[in-house]
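Worksheet: the structure to be examined is printed underneath.
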Amino acid sequence: MYISFDEFSINIQQLELIIKQQSIPIDERICLLLRLLIENYPSHCSKQLCLESIWPDTVVSDMSLSKLVSDARKIFKQAGCEVAIIQTVHGRGYRLSQELGRQLANQQLTPVTATLASETYVTDRLTDDRKADNTSLKSNFTGIRQKLDKLAHEWPRVSTILFSIAVSFIVLYALLSTHSFDRYLTASHEGHSVVDEKAIVYSESADAIGRVLWIDDHPENNSREREFLRGKNIGVYSTTSSREALLLISLYQYDVIISDMGREEDAIAGLKLLEKMRSQGVEIPFYIYTLNATDELIAKIASSGGQGVAVDSEGLFRQVMTHFDTE
């Protein structure tokens, strides 16, 4: 049975992966992982469930699962598949990405009994049928051409309207983004600030006890943790890249930095950010929030000037809250 997405298809019975109409040779365990995530969507799959399903009756560590997920992402990217495939749920496991989940919800699973050769044969037959019905096709093509001519005539006006709408949305998003709106409000007017900078702090209350900068390329995975900190009267600001984080740190004051470990194809992006901060003399307390924490990772973060590593929200809060006066 094939399950088809926009950029690839997977045969969940024969464990075959098709990307851009090409059969991709991959470890069958990657297909097993994808099948497990598809069958359980929208729920996530715990690490234990993944280990038991992919390596039955075998003792393996969490690192084997992490490596399998990393290999899967790399194979899809090398094959030209741009859409995100697997979403990490910190402290809990993995889930099919939201984009693939939406595609999955919009289709019905249909068994595909034809092989790729059969599909080619069917395509050829359809081509022959279209040639046989030449009179009808000419009539249809004439109507389509007239519509295309009309669209081409009106396109400059339509494209201008669409472009204006797109620019408006981009400007609105930029103004409402973290810090950007603050800078807009405090822009100078004839040498004087329109609004007092000290009175405006976006995304935190006037009596906030501190600020946290959170770096994660999938911020939706830690929304509950961020809401918890805001509930403790702590301002929480989010960004998705180390480059943006370094820029924000140079412009604003933060009391604690929280970062994921791996980001995109860089498995140690969080560690690199920590080392870059310390090399620049930035001594803000730094914590790694990740799915797996080995003794080696904890030791490396400590030797690089970090304050700790957490794998669940309870451990994270226990460490981070020591930097704030909540009494």
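Backbone N, Cα and C atoms are what each Cβ position is placed from, and that goes for glycine too.
These come from TrEMBL:
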- 1-98: domain 'OmpR/PhoB-type' (DOMAIN)
- 1-98: DNA-binding region (DNA_BIND)
- 155-176: transmembrane segment (TRANSMEM)
- 211-327: domain 'Response regulatory' (DOMAIN)
- Asp260: 4-aspartylphosphate (MOD_RES)
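Neighbour list (Asp260 (4-aspartylphosphate), Cβ cut-off 8 Å, at least 6 residues apart, same chain): His90, Ile215, Asp216, Asp217, His218, Ala269, Gly270, Ile288, Tyr289, Thr290. DSSP gives the residue listed as '4-aspartylphosphate' a coil state; it is part of no helix or strand.
In terms of DSSP secondary structure, the domain 'Response regulatory' (211-327) contains 54 helix, 24 strand, 39 coil. Within the domain 'OmpR/PhoB-type' (1-98), the DSSP-based counts of helix, strand and coil residues read 39 helix, 24 strand, 35 coil. This prediction places the mean pLDDT of the DNA-binding region (1-98) at 82.
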